[in-house]
Each structure stands twice: as structure tokens, then as C-alpha cells.
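K.L.:
Questions regarding the structure given below will be posed in turn.
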Amino acid sequence: MGNLIILDMCMCPCSQCHSHDAAQLGRKVAVVDYVEPSPRGTRWGLGGTCVNVGCIPKKLMHQAALLGGLIRDAPHYGWEVAQPVLHDWRKMAEAVQNHVKSLNWGHRVQLHDRKVKYFNVKAGFVDEHTVRGVAKGGKEILLSADHIVIATGGRPRYPAHIEGALEYGITSDDIFWLKESPGKTLVVGASYVALECAGFLTGIGLDTTVMMRSIPLRGFDQQMSSLVTEHMASHGTRFLRGCTPSQVRRLPDGQLQVTWEDRTTGKEGTGTFNTVLWAVGRAPDTRSLNLEKAGVDTSPNTQKILVDSREATSVPHIYAIGDVVEGRPELTPTAVMAGRLLAQRLFGGSSDLMDYDKVPTTVFTPLEYGCVGLSEEEAVSRHGQERVEVYHAHYKPLEFTVPGRDASQCYVKMVCLREPPQLVLGLHFLGPNAGEVTQGFALGIKCGASYVQVMQTVGIHPTCSEEIVKLRISKRSGLDPTVTGC
């Protein structure tokens with residue numbers, strides 16, 4: 001038997017990192033990777049969701065939108081910018097897609113250099129030690145190993161109950177690979193995927209509407225989430241709140257007519273769009289794995305794979321990591337780290353487990369939202385209102401002053417235990433470069449930083465980050481948290 005098989009149908013690069021680490025530890029490793037084309041026919045190369053249809057193209061298109069805002073700021077700083085300033089979707093998409101393809105190639109080279117065997121086939125279990133795939137020519141491939149890792153991730157859900165949803169809609173699997181501009185777009189959903197896509201589409205000048213059934217950014221701090229959508233609305237994104245679509249049909253001129261119900265009034269509404277983007281959640285990519293043949297248990301509600309603290313499934317030598325696992329954050333870096341730690345435990349003599357507590361993340365909406373630790377709601381739920389102290393501030397980035405940008409939604413809050421030394425439970429930052437800001441403070445919070453220690457930290461001036469070490473006003477005090485002065 002070989003040492004390790006990694007099933008990687010559509011996951012982020014955790015499988016590549018895991019295979020590299022296992023191979024470097026002297027093991028014989030195979031990666032089985034296959035992308036089922038989206039209903040729209042979109043397909044991509046090695047590297048999974050993050051590289052091809054997630055984090056990487058998303059951040060680049062977000063950057064394109066941010067540049068549009070900086071161009072509008074430029075005349076205030078003395079630059080003479082010829083008008084009108086136009087955006088070329090084709091040029092941006094081609095550049096983004098070329099970068100992604102270079103990453104695909106890089107992954108292939110790394111696997112080859114580390115002598116990891118790569119199979120571009122769709123595979124499923126035959127038994128608990130064997131997977132079977134069929135190559136393009138119809139040739140059957142059987143692979144057996146002592147250990148098998150499932151890292152197949154998830155795919156966007158289509159609301160199949162809605163007439164025309166599958167025929168005429170697209171998802172995040174398609175948006176980054178469009179050759180032509182999506183034009184006037186309806187984004188259905190309120191997840192971070194929905195808001196990030198709507199944000200960059202608005203930012204590059206496209207007429208964009210978000211249809212939300214309920215609350216934005218479920219699972220995130222709701223005060224921060226409201227500020228995110230408030231900022232988007234004030235910068236051109238339209239919101240249809242409390243609405244659910246019931247039909248999508250193509251008109252003779254090629255446009256899409258969407259019919260929806262306003263759940264508050266009960267009234268029906270219609271609108272025409274060039275593109276309908278579904279962002280209503282993701283489903284684990286387990287359907288074709290034949291998990292039952294290996295005896296791997298899944299959640300009856302979500303169909304995600306059940307694992308223990310060692311990432312082991314109900315079959316001890318079969319592991320699962322990343323988005324395909326029940327109860328894990330759907331974030332690339334956590335999957336990457338979990339895979340590396342698993343390789344070290346299996347083949348490197350380590351006993352270190354992945355710690356899923358206090359994992360930082362950032363939502364790359366036009367005004368970025370970074371957070372680590374508990375939301376205010378979670379902190380109050382766990383510890384009680386009287387045992388929680390929240391320090392907060394509305395601030396204005398220095399860069400916003402000269403062009404007169406509105407900073408109404410630039411806000412930071414730190415959620416702490418009230419009892420000295422006031423352990424920091426969570427940090428929430430809304431503003432420019434939120435990912436960069438949050439990453440730095442995440443280390444301190446992971447190490448058990450207290451409010452007292454944060455207040456003893458000298459800020460770097462002038463930065464947005466320093467607003468965190470200047471948080472003196474608590475919500476409980478009732479004082480105005482607006483920052484004045486420089």
C-alpha cells in the first residue's frame with residue numbers, strides 16, 4: 001500500500017500544502033483532483049476554490065474597485081485626471097485570469113518537484129482503503145493507501161425550487177471567468193460572497209442590486225454587518241431587503257426578468273437585469289465520493305463530514321479538512337494549517353492539533369471588515385451583559401480628509417471581559433486595509449491579550465490601526481465615541 005491519498009475535487013490549496021509536507025517527510029503521496037464544470041460550463045485548473053473562484057480573483061477585482069475610488073480622490077491631491085475615466089471589464093478579467101492560470105501552473109510544478117503523483121480524475125471510494133477514478137480515455141485508476149484525506153470543499157448552491165434559477169443564473173464559480181461584463185446585476189443573498197461581489201461590481205461602475213431575505217453576514221457581529229451594508233448603500237449598491245425571488249425568465253431582448261415577493265408587504269415586484277448571481281450558500285462536495293462504501297459518517301442536516309479534534313472521520317485512517325467538514329470555519333488559511341498539522345501528526349511525530357478558536361478573517365467589501373474572536377452578541381450570550389465591556393470609536397482615516405470622503409461607517413470596537421485586566425474576547429474593525437490591521441492584532445488576542453495590555457501598546461502614527469490602541473470610551477459610559485484631533 002502507498003502512504004497517502006488526498007481527494008481534492010474543488011478545495012482551496014490545503015491539499016497541495018498537505019501533500020507537499022507529507023512528501024517532504026518521505027512519504028509516497030497522490031493527489032486526486034477534479035473540477036466538475038459549473039452548470040454554466042465554467043471550469044478551472046489545479047488549486048481549488050480559493051485560487052480559481054474565490055479569495056484570489058475576488059481580492060484582485062476588489063482592488064480594481066478600490067482603484068476607481070482612488071482615481072476619484074486623485075484630483076484633490078493635485079493629480080490632473082482626464083475625464084471620463086472608464087473601466088474595461090475584458091482587460092481586468094483577462095489579467096486576473098492570467099494570474100490565476102500562473103498559480104495553477106505553479107501548483108503543478110510544486111507537486112512534480114516534490115514527487116507527488118497527480119491524477120486529474122473524478123474519484124470515489126471503493127472501500128475504506130481504496131479510491132477509484134476514470135481517466136479521460138476511459139481507463140480505470142485504482143489507488144490504495146494507509147491514509148486518505150478528503151479535502152473536496154464545497155460548491156455554490158442553486159435555489160433549484162425557483163423557476164429559471166439554474167437555466168439563467170450564475171454563481172461565484174462563474175463571475176470571475178466571464179469574458180464580457182456582467183452588466184446590470186442582481187446579487188441574491190446576504191453572505192460575505194454576496195456582499196463582496198456586489199461591492200466590487202458597484203465599484204467598477206456597474207448597476208448592482210442585492211436581494212436579501214433576512215440579515216446580512218449571518219454569524220458575524222450584527223452592528224458591524226449593518227455598517228457594512230449602510231456603507232455599500234451610500235456608495236451606490238441598491239438593496240431589496242426582506243425579499244425572495246420566485247422566478248427568472250429570459251425576455252426576447254436577452255435581458256432577465258426577475259419576479260420577487262416582498263415578505264414584509266406581501267406584494268410582488270419585478271425588475272430586469274443582465275445577470276443574476278446566486279450567492280445563497282455553499283454545499284459540501286461529497287455527492288460523488290461514495291462515502292458510504294468507506295463507512296464515513298456525515299451530518300444528516302448538512303451532509304458535511306463529521307470529524308474529531310484530530311480531523312479523523314468515523315473511519316480512523318480517513319481524514320477530512322476544510323469546508324467539507326461539519327463545524328469548521330469555511331476559510332482557506334484554517335484548512336491549510338489543519339492539513340499541515342495533520343501531515344506532521346501522521347508522519348512527523350507531532351501531536352499538535354489545529355486550534356479553531358480566535359481565527360481572524362476579513363470580509364473584502366468596499367469598506368473592509370476584519371474581525372477576530374467573539375462578536376458582541378456571542379460575548380453577551382456566553383458571559384452575560386454585566387460581565388462584558390465594549391470599547392468603541394468612530395474614526396476618520398487621514399487619507400479621507402483631503403478628498404472629503406464620508407467616514408460615517410469607519411468604526412472599531414473591542415469586546416472585553418469587564419473584570420480586570422479585561423481579557424479581549426473579540427476585535428472588530430471596519431475601514432481601509434482591515435485585513436492587514438486585523439492580522440497583526442490577531443496574534444496578541446490569540447496569546448490572551450488584555451485591554452490593559454492593548455492600552456499599553458504604542459500606536460504607529462498616523463495609521464488607522466492606532467485607533468485600536470486608543471480605545472478609551474466604553475458603550476456603557478454613553479459618551480460620544482467619535483475621535484477628534486489627529
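Including glycine, each Cβ sits where the backbone N, Cα and C put it.
What TrEMBL says about a protein is an automatic prediction, not a curated fact.
Annotation source TrEMBL lists domain 'FAD/NAD(P)-binding' at 21-339. The disulfide bond annotation in TrEMBL covers CYS50-CYS55. The FAD binding site annotation in TrEMBL covers LYS59, ASP323. If you look up TrEMBL, you'll see GLY189, ALA190, SER191, TYR192, VAL193, ALA194, LEU195, GLU196, GLY281 marked as NAD(+) binding site. Residues or ranges marked as domain 'Pyridine nucleotide-disulphide oxidoreductase dimerisation' in TrEMBL: 359-471. Among the features that TrEMBL reports, active site, proton acceptor is placed at HIS461.
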K.L.:
I want the residues beyond GLY189, ALA190, SER191, TYR192, VAL193, ALA194, LEU195, GLU196, GLY281 whose C-beta is within 8 angstroms of the mean position of the NAD(+) site's C-beta atoms, in chain order.
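P.N.:
Near the NAD(+) site, the remaining chain residues are VAL187, CYS197, LEU217, ALA279.
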K.L.:
Give the mean pLDDT for the domain 'FAD/NAD(P)-binding' (21-339) on the 0 to 100 scale.
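P.N.:
A mean pLDDT of 96 is what the predicted model shows over the domain 'FAD/NAD(P)-binding' (21-339).
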K.L.:
What whole-number Å value do you get for the CA-CA distance of ASP323 (FAD binding site) and CYS50 (disulfide bond)?
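P.N.:
Approximately 11 Å lies between the Cα of ASP323 (FAD binding site) and that of CYS50 (disulfide bond).
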K.L.:
Recorded positions CYS50, LYS59, HIS461: which have a Cα within 10 Å of VAL193 (NAD(+) binding site)?
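P.N.:
Near VAL193 (NAD(+) binding site) by Cα: none of them.
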K.L.:
For GLY281 (NAD(+) binding site), write down the residues of its own chain that are at least 6 apart in sequence and whose Cβ falls under 8 Å from its Cβ; none is a fine answer.
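P.N.:
The answer is PRO156, ARG157, GLY189, SER191.
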K.L.:
Once the chains shown are all counted, how many other Cβ atoms turn up within 10 Å of the Cβ of CYS55 (disulfide bond)?
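P.N.:
Counting Cβ neighbours of CYS55 (disulfide bond) within 10 Å gives 19.
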K.L.:
Can you tell which of the recorded positions CYS50, CYS55, LYS59, LEU195 lies nearest to the residue listed as 'active site, proton acceptor' in space, using Cα positions?
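P.N.:
Nearest candidate: LYS59.
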K.L.:
Among all protein chains shown, how many Cβ atoms are found within 10 Å of the Cβ of HIS461 (active site, proton acceptor), not counting that one?
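P.N.:
A count of 10.
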K.L.:
Express the distance between the Cα positions of LYS59 (FAD binding site) and CYS50 (disulfide bond) as a whole number of Å.
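P.N.:
Cα-Cα distance, LYS59 (FAD binding site) to CYS50 (disulfide bond): 10 Å.
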K.L.:
What whole-number distance in angstrom separates the two most remote CA atoms of the NAD(+)-binding residues GLY189, ALA190, SER191, TYR192, VAL193, ALA194, LEU195, GLU196, GLY281?
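P.N.:
The two farthest binding residues have Cα atoms 14 Å apart.
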K.L.:
Of the residues in the domain 'Pyridine nucleotide-disulphide oxidoreductase dimerisation' (359-471), how many are helix, strand and coil by DSSP?
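P.N.:
Summed by class, the stretch gives 39 helix, 31 strand, 43 coil.
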